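Just below is one structure, and these are the notes that go with it.
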């Protein structure tokens, strides 16, 4: 679920940036998404959005699905092995790892999405 996803982000980035900093970034980080991603981090969010969309097509509710995971050496690892729990956990873990690798550019936080995300 979204709280677990936030915790995964903290795991992967070693707590260097609050999870909420990703909630309004670029064209895809946060609710919805459109246009061309503004950078590598925004692309991570686009991939995550697409993963959640695929989960929805499988009959899952990714923003609400509780799963089992652990943080080992700043790497989120899924314990859930089947069904929606496994699928959603994999979406979140991949995104958290992607976020940790991508540069965070403050100028892409809280952008005017109407102008920049066409």
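Each Cβ is built from the backbone N, Cα and C atoms, and glycine gets one as well.
Binding of Ca(2+) is attributed by Swiss-Prot to 28, 30, 32, and within the candidate set 49, 92 the record adds 49 to that site. According to DSSP, residue 78 (disulfide bond) is assigned to a strand segment.
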